[in-house]
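According to TrEMBL, the features are:
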type     : residues                                                                                      : note
ACT_SITE : A:H137                                                                                        : active site, proton donor/acceptor
ACT_SITE : A:K141                                                                                        : active site, proton donor
BINDING  : A:G12, A:A13, A:Q14, A:G15, A:R16, A:M17, A:G80, A:T81, A:T82, A:A107, A:P108, A:N109, A:F110 : NAD(+) binding site
BINDING  : A:H138, A:G147, A:T148                                                                        : (S)-2,3,4,5-tetrahydrodipicolinate binding site
DOMAIN   : A:6-110                                                                                       : domain 'Dihydrodipicolinate reductase N-terminal'
DOMAIN   : A:114-240                                                                                     : domain 'Dihydrodipicolinate reductase C-terminal'
REGION   : A:159-180                                                                                     : region 'Disordered'
There are 4 protein chains.
Amino acid sequence: MSDAAIRTAVLGAQGRMGSEAVKAVENAQDMELVAALGRGDSLKKVLEAGATHIVDLTVPDVTEDNVRFAAENGLHAVVGTTGWDGERLARLEALLEQNPQVGVLIAPNFALGSVLASAFAAKAAQYFESAEIIELHHPGKVDAPSGTAARTAELMGQARREAGVGPSPDATQKDPGGARGAVVEDIHVHSVRLRGLVAHQEVLLGSAGEQLTFRHDSFDRASFMPGVLLGLRTAASRPGLTHGLDGYLDLGL
Amino acid sequence: MSDAAIRTAVLGAQGRMGSEAVKAVENAQDMELVAALGRGDSLKKVLEAGATHIVDLTVPDVTEDNVRFAAENGLHAVVGTTGWDGERLARLEALLEQNPQVGVLIAPNFALGSVLASAFAAKAAQYFESAEIIELHHPGKVDAPSGTAARTAELMGQARREAGVGPSPDATQKDPGGARGAVVEDIHVHSVRLRGLVAHQEVLLGSAGEQLTFRHDSFDRASFMPGVLLGLRTAASRPGLTHGLDGYLDLGL
Amino acid sequence: MSDAAIRTAVLGAQGRMGSEAVKAVENAQDMELVAALGRGDSLKKVLEAGATHIVDLTVPDVTEDNVRFAAENGLHAVVGTTGWDGERLARLEALLEQNPQVGVLIAPNFALGSVLASAFAAKAAQYFESAEIIELHHPGKVDAPSGTAARTAELMGQARREAGVGPSPDATQKDPGGARGAVVEDIHVHSVRLRGLVAHQEVLLGSAGEQLTFRHDSFDRASFMPGVLLGLRTAASRPGLTHGLDGYLDLGL
Amino acid sequence: MSDAAIRTAVLGAQGRMGSEAVKAVENAQDMELVAALGRGDSLKKVLEAGATHIVDLTVPDVTEDNVRFAAENGLHAVVGTTGWDGERLARLEALLEQNPQVGVLIAPNFALGSVLASAFAAKAAQYFESAEIIELHHPGKVDAPSGTAARTAELMGQARREAGVGPSPDATQKDPGGARGAVVEDIHVHSVRLRGLVAHQEVLLGSAGEQLTFRHDSFDRASFMPGVLLGLRTAASRPGLTHGLDGYLDLGL
């Protein structure tokens with residue numbers, strides 16, 4: 001392991017995502033796992049181990065304290081825990097002004113393909129007359145549509161409004177059972193629940209004579225790890241707060 | 001043209017489907033177009049031209065008279081006109097008992113791929129835990145779901161019930177906008193409307209670790225013609241009334 | 001557990017498929033796992049445990065002895081082990097003539113969706129002008145095309161030949177790099193290798209104005225277990241040798 | 001029609017693309033068709049009609065003269081004719097330096113969805129381990145792979161090389177028939193030819209546990225017209241030569 005390795009501490013190391021992150025950091029050539037903290041472990045261990053970066057995959061109750069501790073001690077942070085509302089983000093930005101060399105990434109979604117698909121869909125939506133979304137998940141999911149589908153629809157709808165594109169054409173007069181699905185920001189969203197599936201999404205765009213489709217398939221939690229590693233490799237060069245993995249991608253969007 | 005050519009009269013030859021049928025019969029090596037009748041033409045022309053088969057692509061008001069005329073004169077008939085309710089079918093069956101050598105095909109759908117996909121979907125549905133349908137059409141369609149999707153769901157739901165398969169698993173608790181779509185015979189059906197599309201349908205079947213998908217795309221009215229020609233080639237060897245093109249396919253289902 | 005439970009012994013219980021089968025039998029309401037044999041265990045255990053059925057998921061070297069032992073002792077057998085060539089099958093058929101109440105299923109593929117897709121593809125191929133296959137697998141696969149794709153192409157090609165359907169139309173004059181793929185029985189077959197995938201296959205059928213597509217996705221070894229259980233539930237009612245899971249499906253094909 | 005309407009002359013108005021362009025310009029609220037020239041018509045008509053823009057959909061022999069005529073007379077030009085090699089482009093750029101207010105778009109592909117899909121594919125390719133392309137066309141196509149697929153592979157391969165991404169993993173050892181397809185810039189490209197299809201392309205990207213797919217379908221020549229209209233609306237605000245429709249899209253890529 002070279003001196004230049006990214007010395008990483010994983011917080012929440014016993015959780016489902018955390019244990020994947022432990023494996024991913026261990027397997028990365030340019031990283032060293034220096035600490036793996038579970039529930040009840042003291043944050044001091046992070047400093048004792050000489051970490052330069054933390055990955056926070058804990059729970060909403062403790063994630064803010066963890067990230068503040070990192071920032072105050074000059075450690076970069078990659079955060080996948082939920083619960084970062086506007087108030088928390090504002091407090092963190094204030095803190096980072098006092099620690100201007102620290103980079104923090106807070107990302108609701110680490111699947112590169114999903115983040116790319118959402119960004120491209122938002123970009124392309126203004127160039128087509130029609131836009132709809134189909135999301136497909138395992139049958140254990142309790143909410144419909146998925147959070148990712150709702151967010152994608154919001155981004156697409158907003159981009160279409162700003163470009164002056166009206167709602168998709170639709171002559172439907174009879175739909176007694178609700179087959180046309182939910183409508184989010186003028187975008188129809190359809191939710192399929194099927195045994196065997198994990199998490200999948202299709203964005204469909206259509207104009208006269210052509211269709212453009214983006215499809216993302218998540219088969220496995222492993223799909224989040226390339227995004228976590230990209231976060232660790234990038235955080236030190238992006239001081240301040242970045243919200244969303246797309247902020248680290250070279251999309252120029 | 002050999003003596004054995006199928007001597008065909010097209011009724012409704014100026015309509016959208018009828019004009020396609022005229023072209024298809026003209027181009028078929030084993031057929032001869034002997035008459036093409038439009039609105040107001042006398043049925044006598046069919047006999048004068050020496051037709052052995054008719055294709056009826058007219059309107060509900062006249063289709064029954066046309067088919068009766070064919071049957072009474074010993075001509076086989078392939079019928080794509082709508083409006084054949086139970087009463088009409090019963091009258092036709094009675095007439096065919098008196099003309100036992102005549103074969104009549106009445107088909108609501110001549111797209112071979114669509115008919116095959118529906119038949120296979122009904123067959124396969126009992127072997128999977130989950131089953132849903134997505135149909136996608138041009139935005140000028142007024143009803144949702146499509147008639148084909150509703151019929152496919154009925155066939156699948158019936159097959160699942162007969163095999164003792166329960167509803168697809170679904171843990172959905174929150175669906176304020178109706179993203180889960182319509183439910184037909186315990187099958188969720190989703191309707192997409194997109195500029196650029198014509199008529200498309202996906203049947204999705206899932207079990208632990210696997211998915212089976214049937215997709216049919218109709219790009220063009222031309223897709224109905226192979227079914228019409230197959231009807232003409234088969235009718236003479238299937239005396240009596242056949243309802244649905246699948247009755248002429250060698251599916252053994 | 002009712003008296004009527006299917007008393008099952010799993011042979012090869014420590015292998016990857018075998019350990020899945022142990023779990024699947026344990027979880028099945030209508031089955032009882034009475035023995036789980038690994039390498040070196042004596043077949044006598046099967047009889048001592050009172051098994052009525054065996055599942056053989058061992059290795060080519062021992063599978064024939066296992067199945068002969070089952071047949072001679074009146075046990076039904078479901079066999080997923082490879083290595084059953086024509087000679088072995090002939091010897092087994094002879095043996096089963098002497099044990100006419102025993103049912104044996106030898107299946108190279110237990111994924112219901114894959115078996116159904118192949119059967120439907122073979123059935124439908126004769127009704128379309130064009131037919132091609134795309135198979136997609138993980139990048140660790142050493143052979144291209146996959147065995148399943150090659151078999152599917154053989155079945156489709158044979159069905160098309162019997163129905164008098166010629167090769168798919170193809171005007172290709174320039175293809176220096178071989179983009180048109182392999183040709184098996186007049187069917188073009190394309191092999192994709194992509195990280196993240198497991199085992200997937202698409203059969204594409206096309207005629208003027210329409211396309212029919214069958215897609216099967218295997219995400220997980222769990223997908224083979226419904227086929228194994230269906231085999232156990234059916235074997236007793238199908239005396240003699242059945243080769244291929246489609247023989248147990250109610251396809252009427 | 002307002003005074004601000006884009007006064008457009010279509011050159012090559014009797015060709016297949018040209019006649020579509022005539023219809024599209026006529027139907028556009030913000031445009032006026034002031035001239036439609038066919039083979040043999042004098043270019044003077046363009047000036048007499050008071051055109052401010054031309055659309056050139058002619059043939060390689062005359063396109064350069066047409067565009068020079070436009071530039072010298074201060075007209076903006078949107079060009080879909082092929083045959084613009086490096087030499088011609090250099091001559092045109094020199095001419096535009098002397099007419100600096102004129103905007104010229106030369107685009108090999110006017111399908112917005114196709115242009116977007118290629119741009120996104122090139123952008124995303126560096127973030128995935130594996131990348132392949134499947135293109136699907138009607139069976140009358142003489143070359144494989146399609147020009148669009150070859151160009152997309154070049155763009156993707158180049159982007160991957162610049163980002164230091166190696167070839168896609170591939171353990172294939174046996175491929176006697178060439179099922180793995182053509183290789184362009186380390187990207188495997190597969191060509192399907194199927195009756196019923198028009199022009200379709202899928203870009204498949206994969207990493208551990210996830211897949212990202214872009215699919216573009218061209219069903220009809222009408223799909224090129226939104227791109228032509230966007231060219232006409234944009235040319236006046238983009239003086240100089242723009243090569244490729246993506247130069248007019250707000251992609252920020």
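Each residue, glycine too, has its Cβ placed from N, Cα and C.
Quick caveat, the model's predicted, so the values are computed rather than measured.
Same-chain residues lying 6+ beyond the ends of the region 'Disordered' (A:159-180) with a Cβ under 8 Å from its Cβ atoms: 122-123, 125-126, 129-132, 186-188.
Shown are the binding-site residues A:T82, A:T148; of these, the residue with the fewest other Cβ atoms within 10 Å is A:T82. All protein chains considered, the CB of A:P108 (NAD(+) binding site) has 16 other CB atoms within 10 Å. With respect to their backbone Cα atoms, A:Q14 (NAD(+) binding site) and A:H138 ((S)-2,3,4,5-tetrahydrodipicolinate binding site) stand 24 Å from each other. A:H137 (active site, proton donor/acceptor) and A:G80 (NAD(+) binding site) are 21 Å apart (CA-CA, integer value). The two recorded residues A:F110 (NAD(+) binding site) and A:G147 ((S)-2,3,4,5-tetrahydrodipicolinate binding site) have their Cα atoms spaced 14 Å from each other.
Taking the Cα atom of each, A:G147 ((S)-2,3,4,5-tetrahydrodipicolinate binding site) and A:G12 (NAD(+) binding site) are about 23 angstrom apart. Note on proximity: among A:H137, A:H138, A:K141, A:T148, the recorded positions of the record, the Cα nearest A:P108 (NAD(+) binding site) is that of A:T148. Each of the recorded positions A:P108, A:H137, A:K141 was checked for a CB under 8 angstroms from a CB of chain B; the ones meeting this are A:K141. Under the DSSP three-state reduction, A:K141 (active site, proton donor) is assigned to coil, being neither helix nor strand.
According to its DSSP assignment, A:P108 (NAD(+) binding site) is coil. Each of the recorded positions A:H137, A:H138, A:K141 was scored by the number of other CB atoms within 10 Å of its CB, and the largest score is that of A:H137. Taken as a whole, the domain 'Dihydrodipicolinate reductase N-terminal' (A:6-110) shows an average pLDDT of 96 in this prediction.
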